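K.L.:
Pasting in a structure now, in structure tokens, and then I'll have a few things to ask.
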Amino acid sequence: MDTYDLITRNAEEVVTEEELRALADDPEGKRVYVGYEPSGVLHLGHLLTANMLIDLQDAGFDVVVLLADVHAYLNDKGTFDEIEATAEVMREQFLAYGLDPEQTEFVFGSSYQLDEDYLLDLHEMARSTTLNRAQRAMAEIQGGETAKVSHVVYPLMQALDIEYLDLDLAVGGLDQRKVHMLAREELPNVGYESRPAIHTPILADLTTGVGKMSSSSGVTISMEDDADALEEKVNSAYCPPTRDPEPTDDGEERKNPVLELFQYHVFPRFESVVVERPDEYGGDLTYEDYDSLAEDLDSGELHPADAKGTLAAYLDELIAPGRERLEELRD
Ligand code: NAL
């Protein structure tokens, strides 16, 4: 696979293809970041961007993970001390999950975001950005409650971080796209260059296939889940025998979340997937790529129950190192 195909294989959106192709032609020494609000236990949403970082490392990029402690503070995620402790735990989980410790730089936001030059740039950006624009950039991240002033400072800081961390490329979930668009527009207004971005899809809710997996109401798969919990959660998942489920009665898009997890989590990290079946049900099935598995679900060759059992086992293998690291840290 060429570099561009490798780093975009799980992308939902690239801004812009031309800029990213130029980076992919010469990744040596190029810096790519993801930022996370420290949130304690990682879930599969975090790990979707981690999968992309692992691909970027394999392609030769340098990876920077911003532990966005000041952002978490602005977004009401706890006291500063609580957030710092959480960030340390988060870093350990990323390393356990497979980010290369030699090639990954972890940076706390607070290590530079309180400096005078940063704050002056922030204020300059605040003068050139409309309130409306900043609020729209934040809508998907903030999750509904009444916006505070902190919620419009937040996206301006995220934009500025792209400059201060000296980055060539931004990676994030599709929920970050409006912040990245704001960054592309506003950085030049304060004298800095804009950068390209890659966005991962947002996983669908596991039990309905509608909306987001990490929504507080739904079932989330996290690094804390043991084999039994994974089996129970995956068994409760919505999995019609098709890759294209019908939309809801209200016309909302519906995904097959079991297939999504195969596509975005299992296939990028395993060479092949084996579905174990007794001989009387046709014997084992082996898949080298996502499409052939999805086609078999569509055709009826692969039963949803077998797909679920297999998914739970592979997720267990993926999550095990991070789960064990969490247990060690708690002992
Ligand atoms: C991501 C987040 C916060 C600050 C950032 C700064 C630079 C790059 C990425 C960043 C967290 C993200 C979230 N907004 O919703 O988790």
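Using N, Cα and C of the backbone, Cβ positions are placed for all residues, glycine too.
On a predicted model such as this, the values are computed, not experimentally measured, just so you know.
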K.L.:
Given 38-46, 173-181, 281-289, 317-325, which one carries TrEMBL's motif ''HIGH' region' label?
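P.N.:
In TrEMBL, residues 38-46 carry the label motif ''HIGH' region'.
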K.L.:
When the motif ''HIGH' region' (38-46) is classified with DSSP, how many of its residues are helical, how many are strand and how many are coil?
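P.N.:
Within the motif ''HIGH' region' (38-46) the tally stands at 3 helix, 1 strand, 5 coil.
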K.L.:
Given a Cβ distance threshold of under 8 angstroms, which distant residues of the chain, six or more beyond its ends, lie next to the region 'Disordered' (234-253)?
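P.N.:
Same-chain contacts beyond the flanks: 206-211, 219, 221, 259, 261, 294, 297-298, 300, 303-304, 307-309, 311-312, 315.
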K.L.:
Using DSSP and collapsing to three states, where does Gln176 (L-tyrosine binding site) fall: helix, strand or coil?
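P.N.:
Helix, per DSSP.
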K.L.:
According to DSSP, folded down to helix, strand and coil, what is Asp161 (L-tyrosine binding site)?
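P.N.:
Assignment for Asp161 (L-tyrosine binding site) reads helix.
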